[in-house]
Amino acid sequence: MHSHCSKVNLYLSSLLNNKMRLLWQILYLHPARVRRSSSTSAGVVNFVPVCSSTDSTSRKLLQDFVSRSTRLFVITGAGLSTESGIPDYRSEGVGLYARTDRRPMQHAEFVRSAKSRQRYWARNFVGWPQFSSHQPNSAHRILQRWEERGKLNWVVTQNVDALHSKAGQKRLTELHGCAHRVMCLGCGAISARGALQKRFLALNPAWSAQAGGVAPDGDVFLDDEQVLHFRVPSCEDCGGTLKPEVTFFGDTVNKATVQFVHDRLAESDAVLVVGSSLQVYSGYRFLLAASDRKIPVAILNIGSTRADHLAQLKVSGRCGEVLSVIQPL
Ligand SMILES: [Zn+2]
């Protein structure tokens with residue numbers, strides 16, 4: 001009797017497992033669009049796009065994917081930092097493209113036009129106190145712990161917000177540079193953005209008091225008259241033009257940096273994309289390289305990405321929420 005019951009139970013549980021699997025597959029393939037209530041506190045603008053809750057199968061598959069890897073290569077993008085209050089460019093409804101007429105600075109325009117640089121730095125100066133105060137969120141901290149436990153081979157980020165390094169990530173390449181550093185286009189010297197803020201303040205003592213209008217997301221509204229009076233310092237060593245040490249649109253990532261990242265990828269046994277739509281080629285090329293090398297790819301992102309067809313697993317969800325239930329075993 002007992003043995004019969006066990007058999008039935010076994011049969012039932014296998015039937016149930018199959019059914020669940022089928023249900024999971026359906027859920028996975030056709031995720032219901034659930035409007036999640038915002039988890040941010042009142043008064044804080046929410047830049048995390050609306051997304052469906054991640055089903056348990058996706059989570060389990062992602063757990064299996066991470067467990068199988070011993071040298072994980074992680075690519076992160078703007079989707080990771082939205083949970084820290086930094087808006088991304090492309091998300092439906094909440095990204096900068098959707099909300100404002102702001103477009104990223106073009107490299108050629110910055111180099112060519114003193115007026116453009118003046119406008120850029122004036123906005124950057126006003127937005128800096130808030131931008132520089134953003135803190136890493138749970139997703140950054142989790143990736144740092146994975147590094148500590150030896151799970152991670154390398155992290156490549158397309159973000160320039162320094163949140164990975166603030167979280168203590170060491171095995172890290174900032175593919176597009178970092179807004180916390182400034183470089184001289186004349187002599188190539190690198191300096192701290194914080195030091196430049198002091199020079200801005202010294203050069204524009206009255207100006208800073210007039211500039212108001214900083215939106216909660218760090219968007220800065222300045223009229224032409226205000227910008228006209230903003231004084232931009234040049235390199236203290238050579239008098240050259242100062243530029244944030246970030247890759248503007250239309251510029252290319254340093255070849256040595258790209259090769260270095262390819263080398264780290266070649267040592268890795270799996271690629272996990274976290275919070276990037278991979279629309280920009282500089283990040284997407286590593287997915288192409290992973291595909292060439294037959295390295296398995298999983299993507300955790302809200303919304304579709306350019307590399308969905310290259311991934312064996314696609315999980316839609318908030319980075320911090322999903323990563324927090326994954327064990328780096
Ligand atoms: Zn210089």
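Backbone N, Cα and C atoms are what each Cβ position is placed from, and that goes for glycine too.
Feature annotation from TrEMBL assigns active site, proton acceptor to HIS176. Neighbours of HIS176 (active site, proton acceptor), defined as other CB atoms within 10 A of its CB across all chains, total 22. Reduced to three states, the DSSP call for HIS176 (active site, proton acceptor) is coil.
Using a 10 Å Cβ-Cβ cutoff, GLY77 (NAD(+) binding site) registers 28 neighbours. For the recorded site, GLY77 (NAD(+) binding site), the DSSP three-state label reads coil. Annotation comment: TrEMBL describes 77-97, 158-161, 275-277, 301-303, CYS319 as NAD(+) binding site.
Packing around CYS187 (Zn(2+) binding site) is summarised by its Cβ count: 11 other Cβ atoms lie within 10 angstroms of its Cβ, all protein chains included. Secondary structure from DSSP puts CYS187 (Zn(2+) binding site) in coil. As annotated by TrEMBL, Zn(2+) binding site applies to CYS184, CYS187, CYS235, CYS238.
Taken together, the residues of the domain 'Deacetylase sirtuin-type' (52-329) have an average pLDDT of 90. Look at TrEMBL and you will find 52-329 tagged as domain 'Deacetylase sirtuin-type'.
Cβ proximity to the Zn(2+) site centre (mean Cβ of CYS184, CYS187, CYS235, CYS238, cutoff 8 Å) flags the following additional same-chain residues: LEU185, GLY186, GLY188, ALA189, SER234, GLU236, ASP237, GLY239, GLY240. Candidate recorded positions: SER81, HIS176, CYS184, CYS187, CYS235, CYS238. Those with a Cβ under 6 Å from ligand 1, in sequence order, are CYS184, CYS187, CYS235, CYS238.
In the three-state DSSP scheme, CYS238 (Zn(2+) binding site) falls into the coil class. In sequence order, CYS184, GLY186, CYS187, ALA189 are the residues of the chain that are 6 or more apart from CYS238 (Zn(2+) binding site) and have a CB within less than 8 Å of its CB.
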